Amino acid sequence: MAATMNKTPATTFLLIPAAASLVLLLAAAASVEASAFDYAGAFDKCLLFFEAQRSGKLPDDRLVRWRGDSALTDGFSQGVDLVGGYYDSGDHVKFGLPMAYAVTMLSWGVVEFEKEMVDGNKLHRVLDAIRWGTNYFVKAHTQHNALWVQVGDGDSDHLCWERAEDMSTPRTAFKIDINNPGSEVAGETAAALAAAAKAFKPYDRMYSDLLLLHSKQLFTFADTFRGKYDDSLQSAKKFYPSASGYQDELLWAAAWLYEATGDEQYLRYVSQNAEAFGGTGWAVTEFSWDNKYAGLQVLLSKVLFEQGGSAAGYADTLKQYQAKAEFFLCACLQKNNGHNVKMTPGGLMYVSDWSNMQYVSSSAFLLTVYADYLAESRGTLRCPDGEVKPAEILLFARSQVDYVLGKNPKGMSYMVGYGSYYPTHVHHRGASIPSIYAMNATVGCMEGFDKYYNSKNADPNVLHGALVGGPDANDAYDDDRCNYQHAEPTLAGNAPMSGVFARLAASPADNTPEYTPAPNAPSPSNGGSPLEFVHTVTNTWKANGVDYYRHVVTAKNTCGHAITYLKLQIKELSGEIYGVSRTNAKDMYEFPSWMTRLDAGAQLTIVYIQGGPAAKIAVVEYKTA
């Protein structure tokens, strides 16, 4: 479940798990170093998660075989067919707002990376995932000014731990209408249907037109009868409260309708309401199911990139949207004059103590698409702390994905089923209870808590592709299904990863040319170095007959000036390293992505684990303020 977003400070120093965890860290780090991440495989698993979350009558050709049909009478008692759609997370409520956001993000991935998905033979599966959501939205939109936006109640649902196939909790449905408006969820559903319409247009024109019809009607409903959805729907407020209000969703829906139709009335809407609705005023450091401003600003920047001078009459406003988009991007890249997204010591963006990975995935998506926009226009991102090339933006986005897949201080994949070391006690009812095909007897409401929720056994069903909430602000993770803030996956967290995986899977392999120092650069030696290195071994152990060491290197700035650029040569390194960022040149490293300067007297901490002798570290090049 989602909650309000709390900010948590981070530090630039690396923290390593206790000695008891070091062998696991070593094994995982070695596998990370030995081979590149399989983004295509991760993409495949990401789509499996959406299959596992399906509600309703499941198709015979489904790939997730441990799931069965469920909730086959949703809405019937209230005279409407609401069978289908997706369960939100580890429970069985169908929350309309995050579900619609997830479909929007899946569709945006297709819009941007259709070719990559076709080349990787994944497009049909992504479109199937989108259609499972849009079919439900079309059914839920029963009148022009009415939309069913929730099935199930979070409070009663959470009192039971049972499989979807055994559900005994009330399946009450809730709707918004002219007397009980909900502009956020109506606007987001309009955005989802418009984005999906564009994704389907080349392949199913009639279906695309149907989605557009519903999208336009829902946008008009959201805009004409304005009101916060969680004022009308108290049962959603506890779980998905609207902190940002509904104005971002109105702009977001209009932007997607313009993207899908090219109809100028929607571009006029986002231009005329830009200031009043906060589109050109909000400078944010998060993008989520609640706050759409960063996504809106990036999407409208695309219009400027594509149309340039032909967007006459709107160009000035679009440039204001773009300025706010670039504020967000520079904040992610740690180049925003101190107004940056917080980072964990291991290099993960950290926005919230609750389900932080959803912000990582959405930010990685925006960084990835914007990098491509810039590359196609031969532009660069100009941040307060320096210019950033498209390839560097993509590299940072990839660093976040790599962290997710295992390049992190715990050496753990936070995507279930990816790699050999991943969460096995996920906060998810279906994953934690044996499948109905393995154990046909009904699991009762409280029986599920006694036998499975509190069990120390690993999940009997692997929830392939689920992106859990992730580690805390210090890169620590407790693999415990009671730890719902960190161990629960969500639709909103997974959806943006689809497009990012498609893009990264299609990228060419990295080249690692030999580094050639600049003509006046210092030679690779410690003579005259601006840094004083202190190298210590803080732990040692034996694994598989090999002695391993945990090395900690502190590099103190002794030159008397702030260092704004640093290039290190690290030779004879065989293990994973933390605290510096690898460059494309062999054996060359620079400041970590979350660090832009090292003040006089300050220390940079580098940690690595390997067998045999210590690595050799030397300063190759540096600049001072």
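Along the chain as shown, residues are numbered 1 onward.
Backbone N, Cα and C atoms are what each Cβ position is placed from, and that goes for glycine too.
Record note: of ASN6, ASN440, Swiss-Prot gives the feature N-linked glycosylation site to ASN440, with no matching annotation on the rest. The recorded positions recorded for this entry are ASN440, ASP479, GLU488, and the Cα of GLU488 lies nearest to that of HIS427 (active site).
Within 10 Å of its Cβ, the residue among the active-site residues HIS427, ASP479 with the fewest other Cβ atoms is ASP479. Between the CA atoms of GLU488 (active site) and ASP91 (active site, nucleophile) there is a gap of 9 Å.
DSSP assigns GLU488 (active site) to coil, not to a helix or a strand.
Just so you know, the Cβ of ASN440 (N-linked glycosylation site) picks up 9 other Cβ atoms within 10 Å once every protein chain is counted.
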